[in-house]
Amino acid sequence: LDRASYPIVQKLICQHIVPGNVKSLLKQPIPEPKGGRLIQVEGYWISVGDKEPTIDETYILTPSVKLNLRDIVRVVSAGTYPVLIQGETSVGKTSLIQWLAAATGNHCVRINNHEHTDIQEYIGCYTSDSSGKLVFKEGVLIDAMRKGYWIILDELNLAPTDVLEALNRLLDDNRELLVTETQEVVKAHPWFMLFATQNPPGLYGGRKVLSRAFRNRFVELHFDELPSSELETILHKRCSLPPSYCSKLVKVMLDLQSYRRSSSVFAGKQGFITLRDLFRWAERYRLAEQTEKEYDWLQYLAND
């Protein structure tokens, strides 16, 4: 659901499930579940992994990022449902999951998909050991399932069809996967969580539209673009960029995106500059400012 649908859902809940004011009901604190080691994040209880929870203070939690975080923790606290996050490039889909994993003491691994991704990277393959004996080496996904890690499947709609088909059984309620090479059925550890991310299909080259049947196996979340004011805050805190410079950089990005939309209607507004480019631009200033003290910094930014 996108956030615009929340009022409709609340109204339906009031009409058919819970009479009265559902807003006051939703504001009630969630009691701590019994059993296991838990930590509270944004009002929801998350199981703690076997690592020590660590809060990354350098990660900037702006109001929009906090809303995205609340969406994720609500799903994670409800069970072990796979999560599919869709959003523009650099809105923090992957980094937010990694931040939450560290904050709750869970191991987090990642597979970056592309059109040539091989199923062996997920499942594993036969290889020779130090003695020359042929052994089966398990892939990243199987290893995560056994050990109860969180796994992020980045750019899932770039993955080949055979990879998506192999995931179908894992995404079912029984959470198991058949390793064809060894004929072993691997069941997922209770801590195992699967996250997938994707850019909107059609706006980015090579992204396919995942079938409705496949997407229905996930809890699907949509991350909106960060407001320009929050981008300025992130640039200021993350790259030590003066506020006046932050606003100039963001304004350049918005103007370039606007120009792209007007000049190439079907090319996508990210054609000239993305958020990653913006952060790299600001990072160059931070690194250069450490060595050069007397300099025309506006000219330096313009040169970059």
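First residue shown is number 1, and so on along the chain.
Glycine is treated like the rest: Cβ placed from N, Cα and C.
Feature list (source: TrEMBL):
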- 82-218: domain 'ATPase dynein-related AAA' (DOMAIN)
- 230-290: domain 'Midasin AAA lid' (DOMAIN)
(message) Please count the residues of the domain 'ATPase dynein-related AAA' (82-218) that DSSP assigns to helix (H, G, I), strand (E, B) and coil.
(response) 38 helix, 41 strand, 58 coil
(request) Could you please provide the mean pLDDT value for the domain 'Midasin AAA lid' (230-290)? (result) 81
(message) Across the domain 'Midasin AAA lid' (230-290), what are the DSSP residue counts per state (helix, strand, coil)?
(response) 50 helix, 0 strand, 11 coil
